[in-house]
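Pulled from Swiss-Prot:
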{"type": "ACT_SITE", "residues": "LYS191", "note": "active site, proton acceptor"}
{"type": "BINDING", "residues": "SER11, TRP12, ARG32, LYS108, ALA140, ARG255, VAL279, GLU281", "note": "NADPH binding site"}
{"type": "BINDING", "residues": "LYS108, GLY136, SER138, LYS191, ASP244, SER254, ARG255, ASN256", "note": "sn-glycerol 3-phosphate binding site"}
Amino acid sequence: MPHITVLGAGSWGTAISKHLVDNDQKVTIWDRNKKLLQEIKEGRNSRYLPTLKLPSNDINVEGDINESLTNAQIVILAVPVQHISEVLSKIHKSSLTNKEVIFVNLSKGIEINNRKIPSKIFEEYLSGFNYCTLSGPSHAEEVAENVPTSVVIGGIDDQVNKYIQEIFSSETFRVYTNNDLIGVEISGAIKNIYAIGAGIIDGFGKWDNTKAALITRSLVEIIRYGTYYGGKKETFMGLAGIGDLVVTCTSSHSRNRYVGEMLSKGMSLKTILEQMVMVAEGVYTAKAVYNDAKEKEIEMPIASKIYQVLYEGVDPKTAIYELMTRDLKSEFFN
């Protein structure tokens, strides 16, 4: 049985820790919030998963990141993308030298300043270590409650992928493998932008036609952006792509969808973010992708309009009107 360390005691870190313990794995969870760790030790996480009953004393807690990495064989990165560099820097400076350790990333997003997905940030600090990403339609709240869920482990090493697949899989958590790491991470990052758009639509009422069009045309943009960077088209048609896009655009658990809904009801972005407990990665990813797509000349009209609503004060209904009245064209083109 491998020793597993989870870095980050947010909703995902807590949910995956519970899942792994339920799956008879040995887990230590680290976070810099000592109060949160004490709660987890007592069997709860009132900040991120307040209704969840945790297996008290079965999850080891550790407030020192160096201690948490001692004897670790699998390290799970469960921190927001905008903070992942800080955590990776701590690991780089730690005593961890065993290159057999496998890192499993759970974060979905693109770093706002350097426009990098998690695997590219990881390479800057821990090149040479094993790395893969777990992604797909998997809200932490449902995983923690053992709701049947299917996900993808994406990584360049098939043997590592298969090993992690076996460790994580259970009767309620089915893991597929995919060697398209780039495609898996880009899918998980960019769908958050479009979830904001879906929330905007929800705020206006039951606009089912509009939401169906948004999801479908958003997938086209994800494929354009992802294949530009070498992702495989079939990845975007699978769990990491369309699967995650659908659940994020439709679920009441979606933080990014919530942001869009509040925007369409007239609340400012600043106020929305101040009131949220958890991070809405799509807000930051929208800026990174907008600037990158503009620079690379990748056509992403929906993502561009969502960026304008977030950062340029464009009225959501105006953004929809401008999308609907663009030049007419064929549905499919190269």
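Each residue, glycine too, has its Cβ placed from N, Cα and C.
Rounded to a whole number, the C-alpha distance linking ASN256 (sn-glycerol 3-phosphate binding site) with GLU281 (NADPH binding site) is 7 angstrom. According to DSSP, ARG32 (NADPH binding site) sits in a coil region rather than a helix or strand. With all protein chains in the displayed structure included, the most crowded Cβ environment within 10 Å among the binding-site residues ALA140, VAL279 is that of ALA140.
Proximity to LYS191 (active site, proton acceptor), defined by a C-alpha to C-alpha distance within 10 angstroms, is shown by the following binding-site residues from LYS108, SER138, ASP244, SER254: LYS108, ASP244.
In this structure, the CA atom of SER11 (NADPH binding site) is 12 Å away from the CA atom of SER254 (sn-glycerol 3-phosphate binding site). When the Cα atoms are compared, LYS108 (NADPH binding site) and GLY136 (sn-glycerol 3-phosphate binding site) turn out to be 10 Å apart. All protein chains shown were included, and the count of other CB atoms within 10 Å of the CB of ASN256 (sn-glycerol 3-phosphate binding site) stands at 26.
Largest CA to CA distance in the NADPH binding set (SER11, TRP12, ARG32, LYS108, ALA140, ARG255, VAL279, GLU281): 23 Å, whole number.
Take LYS108, GLY136, SER138, LYS191, ASP244, SER254, ARG255, ASN256, the residues named in the record as contacts for sn-glycerol 3-phosphate: the widest Cα to Cα gap among them comes to 16 Å.
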